[in-house]
Structures are given as structure tokens and as C-alpha cells.
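Notes follow once the structure below has been shown.
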Amino acid sequence: LLIPGRVPAIHNRFFDKPLPVFLGIFQGTSFVVILAFFVMIPCAWLTLLGWPKVQMGIESLQAFLRTAGALGVWVYTFLERILIPTGLHHFVYGPFIFGPAAVEGGIQVYWAQHLQEFSQSTVPLKTLFPEGGFSLHGNSKVFGSVGIALAIWHTASPENRVKVAGLLIPATLTAVLVGITEPLEFTFLFISPLLFAIHAVLAATMATVMYTFGVVGNMGGGLLDQFLPQNWIPMFHNHASTVFTQIGIGLCFTALYFVVFRTLIERLNLKTPGREESEIKLYNKADYKAARGQTTAPAAASQQIGQAAGFLQALGGAANIESINNCATRLRIALVDMTKTQSDDVFKALGAHGVVRRGNGIQVIVGLHVPQVRDQLESLMKTPLTNEQTTLTEAIS
């Protein structure tokens, strides 16, 4: 987390920093790597000194969750949901499901190894395997997702409900059947973090209520991968009452999800899909990061932008370029049609030191700042053609 948090900042600030001519070979990506090496030395020492305390904190939290009964199940499930946007939820469920935090080998392996034993026993499942309360977070995927989707559909404008249903049905089926909830969860996280917090509270409460009524198992996924084959089908013969209890509680929470989400969407006038005039879509993690300003592009000096724009026009435009590469000082470009390019004098007027042509391949000798020019050239190729057409004379002048 520390390294990817620092490296983009170093890159964005120093990638285009001009260096003295005698240091030009280190300009661009090489300069970023050199700086990052020295910046990471104190980071490494901080990690060495600080991580043992973090690890002790994680172990203390695990011990609390393991011994706190129903409260532990609630806190565990809440953290597993609320931390999803940060990715830190892996630190919560990973040690329990795949590690020794609850049982040796992890809940998933332990449950599979004792599945036949549990299914043939008439002793309550909670008595046989109380640690199974830490694998109930999938219930929010199976039951909660349906209530969320119904609320979003119900609050959509009547004329948009067919389109919204077309988006929500496959997203909801994916969540219910295989436990992948990102399209739904990041839609309301993107619009209102409050809804996501409420979702985490409801998910934790549902798991805790189920645990209190004796429901345990290995249910972190969806119906097809875990609920049916690993729990309901093998356990039904001797534990049918537990299965029906779980389904009953789950359906009650489906209704609760629907009421809570519908009320909040309407009261807070949240622009969930179908309630706005813009494009109707579900969002993903990339959209969330973009909205939070976490996706950035490297900045470049205005001189290099102008030079790259001029080169693009001199090369015949983006449509005439098949591929771009570079070596230490040259742009190496494969063209569709060499006849569409400008003369060598135009390239030299734009700052090139020379041009080498061979078949439909062209090499533009730029200098040691060629990585920055290539980066800008590739960025400009994504811009509308109307923006490109005005840049050649401006760049030369």
C-alpha cells in the first residue's frame, strides 16, 4: 500500500523534469526509478520497525473476534464489507477462511474435511462447528443483493425501468449465484457512501441473527459455488430446520434491504440508475477511483506537448500510425502509408535531429527526452481529430 501510494506521485512529479544535458540519459523513466529507490529506503526501515506492531494489532483483533461470540461475528462481517473499497477486507476474512485464525487450515478446508461428519450428525451445527459463524458473509450477497436491486429498480423512473432491469438482472444473478457483487456495490458506493455503510451494517446484522439462531457453515460465496453444494444439499437430511431458518431470516432481510434502500434513495434523492437523465449504467471500481481522483495521467512540459502534436500531424495523423516504440533517442514508428507523411524539413522544424525512412517504417531522432515525447504522442492519438489538425503550424511557429 505504501509503495503504490508513493511511486505514482514520484512519477507524476519527476517523469518530465528536464535534466542537464550530460545527465540526459537518466531523464524520464530512469530518473523516476532512481528517485524511487532512495525514497523506498526509509520506507523499508519504517516497515521493518512498524509492521510487527501492526501484526500484533491484527492478531489481537483476531483473538477478540474469535472469543466475542455473536459480537465477534457482527464486527467481523461489518469489517469484511465496509473495507471492500480499500481492499483491506482481505486482511479480515483471509486469515479466517484460508488461515488458522479460527481453526487450523482455515474454515474452508476444515468444513470440507468434516462435511460428511457434520451432515451425518444430528447435533446442532453451531455446536459442532461454532467457528462457522465467520463464514456467513455470503448471505448479504445472496439475500441482500436482491433487496438492493429491487429498491434501485422500484425507485427508477417508470420510463427507465425496463433499461434498469436489463442492467440489474444479470448483475444480481452474478451476485446471488457466484457471489460477485462489485457491479451492484460500487454503484451505490459511487453515488452515496452512506448507502454502502448501511449495507455493511445490514450484512453484519443478518449474519449475527443467523448465527444466534444456530446457522453456521462455509457460505462466503454464492448459491452455486458454496450455499447449495457445500451447505444446503449435504446438510438438508439432518439439519433441514437450520436451512429453513437461514432462508427465512435471509428473506426477511431481503425485505428489510428493500425498504431501507428505497427509503434512503427517495428521501436523499440519490441518483441511482434510472433516476437521472444521463447514461444509465452500473459502476465499477475504476469508476469509483476516478471519481475520487485516484486515477491520474503524467503531466508533461508544454514544449513537449507541442512537439508531439506536430509530429503526429507530420506523420499523417493517428490513423496513419500502426505502432509506436522508442529506443534511447529515437521514435520508431510503423506507418500505414509513408506517402502521407511530411518532408524531413518539417520534422526538423519541429525539433527533430534527423529522420530515417525505410519502407513503411520511420525513425524520428528526438533526443534523450524521447520517452516523454512518445508518452505525449500516444496520449494525443486518443484525442479527437479536430484537435490534431490545428497543431502543426502552431508547433512549428
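Each position is counted from 1, following the chain as shown.
Any Cβ shown, glycine's included, is placed from N, Cα and C.
Quantities reported herein were computed from a predicted structural model and do not represent experimental measurements.
Copied over from TrEMBL:
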ACT_SITE  Cys327  active site, phosphocysteine intermediate
DOMAIN    1-277  domain 'PTS EIIC type-1'
DOMAIN    305-387  domain 'PTS EIIB type-1'
TRANSMEM  21-48  transmembrane segment
TRANSMEM  60-79  transmembrane segment
TRANSMEM  91-111  transmembrane segment
TRANSMEM  164-181  transmembrane segment
TRANSMEM  188-213  transmembrane segment
TRANSMEM  243-265  transmembrane segment
Residue numbers, six or more beyond the limits of the transmembrane segment (243-265), whose CB comes under 8 Å of its CB atoms: 139, 142-144, 146-148, 150-152, 154-155, 188, 192, 194-195, 198-199, 202, 205-206, 209-210, 213-215, 231-232, 235-236, 272, 275
Result, the transmembrane segment (91-111) in contact with the transmembrane segment (60-79) (3+ CB pairs under 8 Å): yes
Long-range environment of the transmembrane segment (91-111) - Cβ separation under 8 angstroms, sequence gap at least 6: 58, 62, 65-66, 76, 79-80, 83, 118, 129, 131-132, 134-135, 137, 217-218, 220, 230
Same-chain residues near the transmembrane segment (188-213), Cβ under 8 Å, at least 6 residues beyond its ends: 70-71, 73-78, 81-82, 85, 126, 133, 136-137, 139-140, 143-144, 148, 152, 245-246, 249-250, 253, 256-257, 260-261, 264-265, 268, 270-272, 283, 287-288, 291
Local confidence of the prediction over the domain 'PTS EIIC type-1' (1-277), expressed as mean pLDDT: 91
DSSP helix/strand/coil residue counts for the domain 'PTS EIIB type-1' (305-387): 36 helix, 22 strand, 25 coil
